[in-house]
Protein chains: 2
Amino acid sequence: MSADNDNADAQAKLIDLAAEFYDQFAGGQIPEMSIPTRTKSNIEYDEDSNVWVYGDRKSTRSANSVRGARKLLKAVYTIDFLTNQLEEDRSSTLRELYYLSESWDADEAQFSTQDESNQLIEDLEIVSEVTREDFHMRPEESGAKVMGPLLLREQTNRGDREIHCQDDVGQGGYQIPNNPDTIEFLDNDADFVLCVETGGMRDRLVENGFDEEYNTIIVHLGGQPARATRRLTKRLHEELDLPVTVFTDGDPWSYRIYGSVAYGSIKSAHLSDYLATPEAKFIGIQPKDIVEYDLPTDPLSDSDKNALESELEDPRYQTDYWEEQIELQLDIEKKSEQQALASHGLDFVTDTYLPERLSDMGII
Amino acid sequence: MSADNDNADAQAKLIDLAAEFYDQFAGGQIPEMSIPTRTKSNIEYDEDSNVWVYGDRKSTRSANSVRGARKLLKAVYTIDFLTNQLEEDRSSTLRELYYLSESWDADEAQFSTQDESNQLIEDLEIVSEVTREDFHMRPEESGAKVMGPLLLREQTNRGDREIHCQDDVGQGGYQIPNNPDTIEFLDNDADFVLCVETGGMRDRLVENGFDEEYNTIIVHLGGQPARATRRLTKRLHEELDLPVTVFTDGDPWSYRIYGSVAYGSIKSAHLSDYLATPEAKFIGIQPKDIVEYDLPTDPLSDSDKNALESELEDPRYQTDYWEEQIELQLDIEKKSEQQALASHGLDFVTDTYLPERLSDMGII
């Protein structure tokens, strides 16, 4: 679909929302907008799409109070801004939207905090079923970078660019744009995708030529991955039919990084279809690797333990695999970083650890 | 100079260090290593190079105690590791070094914390006058990204790559490699360099085509800039004779970002010649812009005020310009973000603010 059509589609959905308020007014009703409740207790597993989505609990923003009426006024101004932005094929950030509201003619429509404008965009995303990227709201956080046997075409605002993610990039790789749906995959010679948490490990794999030897697309996550990174990973899986593995440190915070790739986050469960890769597999560091590979460790802190306990109660981690690993970790009271594999030498990760794990997982 | 020669040179300097311990032993002396004290009170302005460097105060690591002897043992093992790494033309991260020490045969040579190995590498950098990059110790943090009229050749470990930083890259730009000295500048059509703190503002400038309209090389800093980013900026200034401007938020933490580009940091004053661009100019947000452009603000917090007070006492900020700006800010008790310029519309920054400031500064 061309950018023009995408824009028109997003515009139409936004205008539908505004039209709904109008119809409510016209029909003598108090305008309102109903939105799923975004809490851990209101997410449920969708058997069809294999992702976690919101349940049936809703909250309502209604104009029956001054506060509620103001919220809807802000929504209408924002819809107006977004439809103009799409008309002009431009984009902006959440933070710019917040500041820009100062230039709006109705003082009551101005946002008083950035949380308020962020939340409104999230509401609009959920209700209109248009993603923020399709509103042309750019994230503040950049996507990370890619190295591997993949030829793509990116549609930039200065023309199309064809880029091979090994031959046409420096050691730093290909920088994922804010909206990876501007990318078209042209050709690839890849067997699987390896998402990597830390820059140091990403650089190790690239230096050791792991992407070349194993036909791997290495995606750097850079900690908690940006939406752009998660979206690109999902597209690599779906469109190119590539298995996805996630390689992180062995601690509860890193399991959440895996979770955000595989399951999506609670705050963005409405986007799970767009962002989550439920088939993504965790390749480590697993608590049992700490034992089996005798890795250097640090003791679990109290907050580590609490995070692990909370994961045990999270429906997304209630599988035999995760329960076993998390209980083992609470038992040994240790955590380990992915770079701790260097205690067996700098090549251990590419010569031994990853090949063993990939072979166990049936990927190579 | 070829990579081989660079490696041989760094190797020779490391071996000289080890040889010095050997000579001290042979001469019946207790081996020791003397290092400049790295504190705010021991940095001074070097008139020749226009950067801040360490003064004359030194501290000594001597083998006259078990603790000191262990430190020197660790230094010798690390020198051995680094010379081998250079021999094989490989690289590693600080974190890998820490873990790798677990595989060393002498238990006493193993690092007990990562701070210890980080500190030792810093010591070796200072004493040998070889930068960490030339030891092939990669930073964990990636450099940021570049967009602008610049053609470069990067020497990667899989061959050379010629990349134009507008025509051959996506919207995300060219990713700076960990060691930007692998880059050779081939051609450029640039009038100046604009370093930008936030991703949102960087994306705004790129979307608005500011790099094309003003022949600007836009360097994304991404908060406190990585060494690779500062090094590349310095080289753009020195080798291409381009003025450098630094565009950040208007708060004390952002002035430190400017400072790290222009003056270098206290911890790495031994690298000022390598990393700092003393001619870099601050392009805002200035406290006086908050007043003149009537920008949306937040009140200064107590920690903001303390940071400003501490900057007033920092020799690097003791210029008429900074004293005036910081005192004005303490007076108005407000700070402002660079994206706050959006309160005058999304194009205000590229149509009005930056052109006015650049013209005041005599750059355009």
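Cβ coordinates are placed from backbone N, Cα and C, and glycine is handled just like the others.
TrEMBL has this to say about the protein:
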type	residues	note
DOMAIN	B:70-136	domain 'Spo11/DNA topoisomerase VI subunit A N-terminal'
ACT_SITE	B:TYR99	active site, O-(5'-phospho-DNA)-tyrosine intermediate
DOMAIN	B:140-189	domain 'Type II DNA topoisomerase VI subunit A all-beta'
DOMAIN	B:192-358	domain 'Topoisomerase 6 subunit A/Spo11 TOPRIM'
BINDING	B:GLU197, B:ASP249	Mg(2+) binding site
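Sequence-distant contacts (6 or more apart, same chain, Cβ under 8 Å) of B:ASP249 (Mg(2+) binding site) comprise B:GLU197, B:THR198, B:ILE285, B:LYS335, B:SER336, B:GLU337, B:GLN338. A C-beta separation below 8 Å, combined with a sequence spacing of at least six in one chain, links B:TYR99 (active site, O-(5'-phospho-DNA)-tyrosine intermediate) to none of the other residues.
Here the domain 'Spo11/DNA topoisomerase VI subunit A N-terminal' (B:70-136) has, by DSSP, the following mix of helix, strand and coil residues: 50 helix, 2 strand, 15 coil. Across the domain 'Type II DNA topoisomerase VI subunit A all-beta' (B:140-189), DSSP classifies residues as 3 helix, 25 strand, 22 coil.
Here the domain 'Topoisomerase 6 subunit A/Spo11 TOPRIM' (B:192-358) returns a mean pLDDT of 93 for the predicted model. Packing around B:GLU197 (Mg(2+) binding site) is summarised by its Cβ count: 24 other Cβ atoms lie within 10 angstroms of its Cβ, all protein chains included.
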